[in-house]
């Protein structure tokens, strides 16, 4: 199959797989009496980050580290500017909930840690194990201190464990093949148009793997569950860095980071993290203005990538 078919097919499988894994993991979490806060940050955040984990690992094993690293950096930028920006643009006032500064601090730490690894030029040695360990500690502390029993809705009560398990298996199959098709398509497109793999990772791969976050965030806003929407963005950005890059570099043994990423992306990562803090503090005053600024900023960023 040509990249014209592989790229949209891969993105479609990632979107459907991500959507199913979010719904099934949420149903499983609620049946196990895990709180809505944990569901938003940890469970759904992990679920929507699984496409990034698959794509990053597949890209690393396919000797395309620029797509792996670019996909994670681009996805984190897209989550804040594109996904959250689009949701805010469609929202009314007072849509943003209060959120723990602890979670924002962990996201900020993860972002700075990624920039440090970018300056080293590789992720290897003890770093992958430390990244995954830190993520597991973060999950443990979240479950330990913020877990309260949630209520099940009628549809979730009707689902049994076998149905949920079946959905999870289907989701993983869709994600596996979706990530494989997307990587093959992007590599083919890069060779055909002489576009650097790092640029495709930061743009097409990032947007493709951010589709589950976009779906969850929009539906959460529509259903007036904004805490889930914001928790999903923060949780996903943390897991993308510590989980996706950690797993990809651990499986590969070492992951090289191109110098191309040092020209612009560290500053964009810091700027978007600061912008998220500003949104959390002041976004309720006029969310549509903040959403419009975010979308415009993302458009400028994508335009700059292809210049």
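Just so you know, glycine gets a Cβ as well, placed from its N, Cα and C.
TrEMBL entries are annotated by machine, without manual review.
What TrEMBL records for this protein:
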type     : residues : note
DOMAIN   : 5-141    : domain 'Sodium/calcium exchanger membrane region'
DOMAIN   : 165-306  : domain 'Sodium/calcium exchanger membrane region'
TRANSMEM : 6-29     : transmembrane segment
TRANSMEM : 41-61    : transmembrane segment
TRANSMEM : 67-90    : transmembrane segment
TRANSMEM : 102-123  : transmembrane segment
TRANSMEM : 129-148  : transmembrane segment
TRANSMEM : 160-179  : transmembrane segment
TRANSMEM : 199-222  : transmembrane segment
TRANSMEM : 229-251  : transmembrane segment
TRANSMEM : 263-282  : transmembrane segment
TRANSMEM : 289-306  : transmembrane segment
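Panel annotation: around the transmembrane segment (41-61), residues 14, 17-18, 21-22, 25-26, 29, 34, 67-69, 71-72, 75, 103, 139, 142-143, 171-172, 175-176, 178-180, 182-183, 201, 205, 208-209, 211-213, 216, 228, 231-232, 234-236, 238-240, 243-245, 247-249, 251-252, 255 of the same chain, lying at least six beyond its termini, place a Cβ under 8 Å from a Cβ of the stretch. DSSP states for the domain 'Sodium/calcium exchanger membrane region' (5-141), grouped as helix (H, G, I), strand (E, B) and coil, give 113 helix, 3 strand, 21 coil. Under 8 Å from some Cβ of the transmembrane segment (229-251) lie the Cβ atoms of residues 37, 40-42, 44-46, 48-49, 52-53, 56-57, 59-61, 68-69, 72, 75-76, 79-80, 83-84, 87, 96-97, 99, 103-104, 106-107, 110-111, 113-114, 117, 123-124, 127-129, 131-132, 134-135, 138, 213, 216-217, 220-221, 276, 280, all in the same chain and six or more residues away from its ends. The stretches the transmembrane segment (199-222) and the transmembrane segment (289-306) meet in space: the count of Cβ pairs below 8 angstroms, excluding pairs fewer than 6 apart in sequence, reaches at least three. Using a Cβ-Cβ cut-off under 8 Å and counting only residues 6 or more beyond its ends in the same chain, the transmembrane segment (102-123) has close neighbours at 41, 69, 72-73, 76, 131, 138, 231, 234-235, 237-238, 241-242, 245-246, 249, 254-257, 259, 261-262, 265-266, 269-270, 273, 276-277, 280. Note: the domain 'Sodium/calcium exchanger membrane region' (165-306) comprises 122 helix, 3 strand, 17 coil (DSSP; helix = H, G, I, strand = E, B).
Counted over residue pairs 6 or more apart, the CB atoms of the transmembrane segment (289-306) and the transmembrane segment (67-90) come under 8 Å in at least three pairs, which marks the two as touching. Contact between the transmembrane segment (67-90) and the transmembrane segment (160-179) is not supported, since fewer than 3 Cβ pairs fall under 8 Å when only residues 6 or more apart in sequence are counted. If you count C-beta pairs under 8 angstroms between the transmembrane segment (160-179) and each of 6-29, 129-148, 263-282, the highest count goes to 6-29.
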